[in-house]
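Visitor: Here TrEMBL flags Gly641, Pro642, Asn643, Met644, Ala645, Gly646, Lys647, Ser648 as ATP binding site. Per TrEMBL, the feature compositional bias 'Low complexity' maps to 7-22. Residues or ranges marked as domain 'DNA mismatch repair proteins mutS family' by TrEMBL: 715-731. Annotation source TrEMBL lists region 'Disordered' at 1-24.
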Amino acid sequence: MPPTSPPTAVTPSPQTSPSGSGKTKVTMMDQFNAAKKEAGDAIVFFRMGDFYELFGTDAEVASRELGIALTSRSKGADAMPMAGVPVKSMEPYLMRLVRAGFKVAVCEQMSDPRTTKGIVDRGIVRVVTAGTITEEDELDARSSNYLAALMVDGKRASVAYVDLSTGRAAASADLDLARVTDEIARIAPAELLVPEDLPRTAPDLAEALQLDLGPRITWREPWHFSRESALRVLKDQFRVGTLEGFGFDDQDLAVCAAGAAIDYARETQRGGCDHLLRLEKIDTGQHLVLDRATRSCLELTQTQRGARREGSLLDAIDSTLTPMGGRMMRDWLLSPLRDVERIVYRQRGVAEFVDGPFLREDVRSLLNGVLDIERLVAKLSTGRVNARDLNALSGSLRIVTPLRTKIAGVYSKALGDLSDALDPLTEVVESIDMTIVESPPMTIKEGGVIAAGISSDLDELRQIAGDGKAWMARFQGDAIERYGIPGLKIGFNSVFGYYLEVPRGQVKQVPTDFVRKQTLKNAERYITPELKEFEDKVLRAEERAKDMEYEIFNALKDQVAAEIPRILGTARSLAEIDVLAGLAQTAATQRYCAPTVDGGDTIEIKDGRHPVIEAMQKDVTFVPNDTTLDRKKRSVGIITGPNMAGKSTYIRQTALIVLLAQIGSFVPASSAKVGVCDRIFTRIGSADDLSRGASTFMVEMVEIANILNNASTKSLVVLDEVGRGTSTFDGLALAWAIVEHMHDVVRARTLFATHYHQLTELSDKLTGVHNLSVAVREWDDEIVFLHQIIEGGTDRSYGIQVARLAGVPDALIGRAREVLRDIETDSDDLGARILQKRHVPDAALLPPGMQLGLFDNEPSQLEKTLAEIDVESTTPMEALQLLAKLKELSR
Ligand code: ADP
Ligand code: MG
């Protein structure tokens, strides 16, 4: 793409002060117009004294969104809508606008109005957008707030993402364009930067992103994504001459994506990005790939209904204690590993904490007091840190030394490495503890922050201020006695400083050298030269002490900021220790076992349980079940059984156990062997997804096409009631053909739960297909669910019994039975008839990739059309059209 030349760097450009010169008189509205121009599409909060004022359309938007009063600035031709929020309570207003999808530019007064003659300078100090929030109050402690950027070139793409609230920056190795939406869904960015020309270069992707993210997309001019601009930004940000150290080649698309993200971060923060220290390379090839549908189906981080965390896998297994640990736990869950060695490395770390309950308890009680170090560091870097934050930081770092001692004797390499990576940062902790008082105020300019003994100058000023006050108390006592005015009091106001107040009834006693300043109803107020002399001294000392405290605080802040890389490194190690210990805690309390993870083809689970359902239904004992899958005799398992029997639970628990094993966790089973998977695919038939504007059956088929095209022999595929979204016969036909295709062509390890009991006949023909069913006890025409998976299929669906259990009226149940008998006499041998038509050699023995004709006997037009379909190259849209055609032919 030809980069248009970048405009001049965007920096705060306060108006040149007109004060004194008197030549070009800049008005406040000139300043506003300049700020508005610079802010682009952002709403401008324009500081005027104690308020941020909004003008014009900004005011109208804010009035509508925030419910604040809309007034008018001046009248007549100059009239302009105006609204304002108080400076003291601006944060909630600002955040509400940002949450609603707006950007807000904060335009501050750049000089002190008290000391400025004429109009004060103003300039934009910061632009707040959804992806660049750093206020921890506004963020969920346990998830990251990502600003992401997308770069596309032909069929390749990369996504980079930055969390300004924690300092994490990462970019994907170049990806296939088809994988982009999944990767973006994994990252779940609060804001995504997209080049403005994407609708032209990749229209389908642009449309899909619009649908998914809508207002979270920020369109940027394409030059921000140019290699030239990106390299300049990245080299400057990371102070490197090349990105090779991070594992990137200058030619990678990741460079463009990361450059665009960091460029925007710096533009909005106006500096304050010092905590972005390195760029992590995310090689999705190293990870177990989970597409969006699978993540949502398996309810990894939120439930499908209601999008709640409670009820998700994350909620069931997350026992971390620190916010950093919580975020890392979430990241691990969303990108499990594929490399056996790395998995085992983590697992040994977990095992050490499982085997050592005392070690675990000690470590966890230390971690319990650790606050969000990453977000404190972000505040430090963006200049919004106060004394309490520094105390919080030192309090959190203080546990590092004892923690290192605790894990000094460990044997696992993971914990050993983590212990080595912990930096106690003793000087930082000591400086903070020495310099700042125990409970400082929120403000850093009003004094009371710096401890005694840090600066002799400060101590002296404080002494003078303190002495002055004692002197005044004495002065008051003396005056009362000397002049015989018992009601005399010393007071203070901002207009004329300290004064002596005498009740009206005693003014006769007042000596002549008192100067009267103010008359009240019941009293007179006076000053004396002696009083004023001391006042000067005291007040000046107080002011100077405050200034000096502020200086000392800033020096300390700079000293701590210089150690940001070490602090963040330690925070990351603490997070990882927290995750390992947390997984161990879950394993110990939930009776999980250490799985054997290897590069083989077998998945063998004994007494597997569903981690979430088991945890949620406290009063029912969960019935454990076994799973055996391999790539020869048991590559495809067909699970039949009545509704509510536990089919879905069973196939999902298998996927979840594999996934947990691949993040390095223990698993809910008595033993497990997991041959690593490259991908897990999960699909539920007729999953309602109307919000995305697609018909349910269409969505189902799109997802099936995705699996058939992308699953490999190393994948695990879990299909639940696929083919349900259409009429019984074409649903069955599709389900049937899918099982054959999985078995013959894709050859991934597959579990298929279905209510089409006809599918069980496939096991007779296909060597790798085996049947499973869920045991039920029939009792006087009623059924009892045993939730026990047994070998062998079932030839019934028990739908009518389930309907009866659910309370459907008896008369209706009776009629349904009659109808069923009629239908079954017609169609019971359906499966057998289809099989007769399939004169094919045992497909499992054929080389992979070879597709078999389904129907070899005098094919009808319908069958010919079916046979000609090349599923792998059929787009979802074509599939739908084909289906319509097939239906047409079948009539
Ligand atoms: P199906 O898919 O066969 O209709 P589900 O898997 O949805 O059935 O299970 C229905 C309910 O049965 C679950 O919500 C759960 O409460 C219970 N259940 C399933 N499997 C088990 C089990 N192994 N042990 C105990 N209860 C189970
Ligand atoms: Mg089900």
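Glycine is no exception: its Cβ is also placed from the backbone N, Cα and C atoms.
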Visitor: DSSP-wise, what's the residue breakdown of the domain 'DNA mismatch repair proteins mutS family' (715-731) into helix, strand and coil?
Guide: 4 helix, 5 strand, 8 coil
Visitor: For the recorded ATP site formed by Gly641, Pro642, Asn643, Met644, Ala645, Gly646, Lys647, Ser648, which further same-chain residues have Cβ atoms within 8 Å of the site's Cβ center?
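Guide: These residues sit around the ATP site: Ala753, Val774, Phe785.
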Visitor: Please work out which residue of Met644, Ala645 has the most C-beta neighbours within 10 angstroms of its C-beta, and give that one of the binding-site residues.
Guide: Ala645
Visitor: Output the one of Gly641, Pro642, Gly646 that, of all these binding-site residues, has the highest number of other Cβ atoms within 10 Å of its Cβ.
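Guide: That would be Gly641, with the highest Cβ count within 10 Å.
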Visitor: Of the binding-site residues Gly641, Pro642, Asn643, Met644, Ala645, Gly646, which ones put their CB under 6 Å from ligand 2?
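Guide: From Gly641, Pro642, Asn643, Met644, Ala645, Gly646, counting a Cβ under 6 Å from ligand 2 as near, there are none.
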Visitor: Suppose we draw a 10 Å sphere around the Cβ of Ser648 (ATP binding site). How many other Cβ atoms does it contain, all chains included?
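Guide: Result for Ser648 (ATP binding site): 19 other Cβ atoms within 10 Å.
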Visitor: Looking only at Asn643, Lys647, the binding-site residues on record, which one has the least crowded Cβ, with the fewest other Cβ atoms within 10 Å?
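Guide: Selected from the binding-site residues Asn643, Lys647 on minimum Cβ neighbours within 10 Å: Asn643.
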